[in-house]
Amino acid sequence: MKDQYDLVVVGAGPAGSIAATTAAKKGLSVLMLEKRQEIGEPVRCAEGVGKKRLRQHIELDEKWLCGEVSSAKIISPNGTTLTMAEEDAGSEVGYVLDRKIFDRTLVELSGEAGVDIMVKARVTGLIIEENTVCGVEMMHLGKTYSIRSKLVIGADGVESKVGRWAGIDTSLKPSHIETCAQFLVSGVDIDQSSCYFYMGNKVAPGGYVWVFPKGNNMANVGIGILGSRAGEKKPIEYLTDFVEANYPNGSIIEQVAGAVPASGPIEKTIANGLMLVGDAARQSDPFTGGGISNAMDAGLYAGEVAAEAIAQDDVSEKILQKYEKRWRGSFGNEIANNLIVKETFFSLSDEDLDSLALSIKDVDFKKMDLIDFIAALFKANKKLLWNLRPLFTQKLKQKFSGLTKFKR
């Protein structure tokens, strides 16, 4: 193992591997470090991802594709069902992945691009000189190593320490963390072309239950609950009750638990010599908790900017602003909007959720614009419309900001 690289990437999830591959293809020497002994383990997500954005990063392969969904069904507490086509249902609807194989495939592509990869490599600190990150301290097989680099990318997930070590505030309040549990359940008789989202305070207070088909009558059945809404009953207990009530003939064959940031993006994701990507940068969707597409996009931008900065021999925060601007300009508005949606919808009573669902269940979402949505909300619940006023204000600002830029 070398002791000096152009770039060190901490974490080998989708964000880290895409960043490493992108940088290596542009000629950088890259080391990617993963603290776990197996890539892709444990799986802590529903494994859904939108088609278009996935295909921008990797060619489809049946070995990690479990299925394809064409719609999302949202079920309110009283059973009212809203059906949305995949293009209207968010970045988690389209393909269902086998994340274990998918993540390993991304890392294999990194290796083919020339990236050095180490597993069971735990980063314990950063090397910081003259207020600039210039490497990492890490442990591997009981030994301590110092690896110097021109730049570090932190892709170390929701538990990220890399940003904090560099002085970036990545702290999360209980209301900004989704505590999650997921079962892989066999014997599930559902429409394999749809994924399902169950709302309501009885099934998931401050969150929702998801069901993603994986073929052969199997499905990922999971739950996410805001930490601020967690009471004595644990998420896994809510999930067990849901499975017993809805899939009495199902068998739980895998079980995982974890957490997802639901805070919206942190104030900044860069420092001198450092960029943060994916969950480490809190780039997941704060409403749905989904983050694969955003993570891959962020990894691409970070890898590109890493190559540009090193070519200029300048890894200052000023130069790395290119990364900050690219990802915020790409999907930052969507995250900001969905943070408002999360804070509104997760505070609603079951009666409000039912009222909203009944009001818009026959709406053609393809033809619905902001005015249609406001009208539907007004019909459903004036209080809800008032609570969502920050979202409407923000979306109007974004719309007219775009028009102003176009006119220029």
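For all residues, glycine too, the Cβ spot is worked out from N, Cα and C.
Pulled from Swiss-Prot, these are the features on record:
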- Ala15, Glu34, Cys45, Ala46, Gly48, Arg99, Val123, Asp279, Gly291, Ile292: FAD binding site (BINDING)
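The structure, with features from Swiss-Prot marked on it.
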residue: Ala15; record: FAD binding site; Cβ within 10 Å: 34
residue: Cys45; record: FAD binding site; Cβ within 10 Å: 24
residue: Gly48; record: FAD binding site; Cβ within 10 Å: 28
residue: Val123; record: FAD binding site; Cβ within 10 Å: 23
residue: Gly291; record: FAD binding site; Cβ within 10 Å: 28
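DSSP classifies Gly48 (FAD binding site) as strand under the three-state reduction. Reduced to three states, the DSSP call for Gly291 (FAD binding site) is coil. Among the residues the record lists as binding FAD, namely Ala15, Glu34, Cys45, Ala46, Gly48, Arg99, Val123, Asp279, Gly291, Ile292, the two farthest apart have Cα atoms separated by 29 Å.
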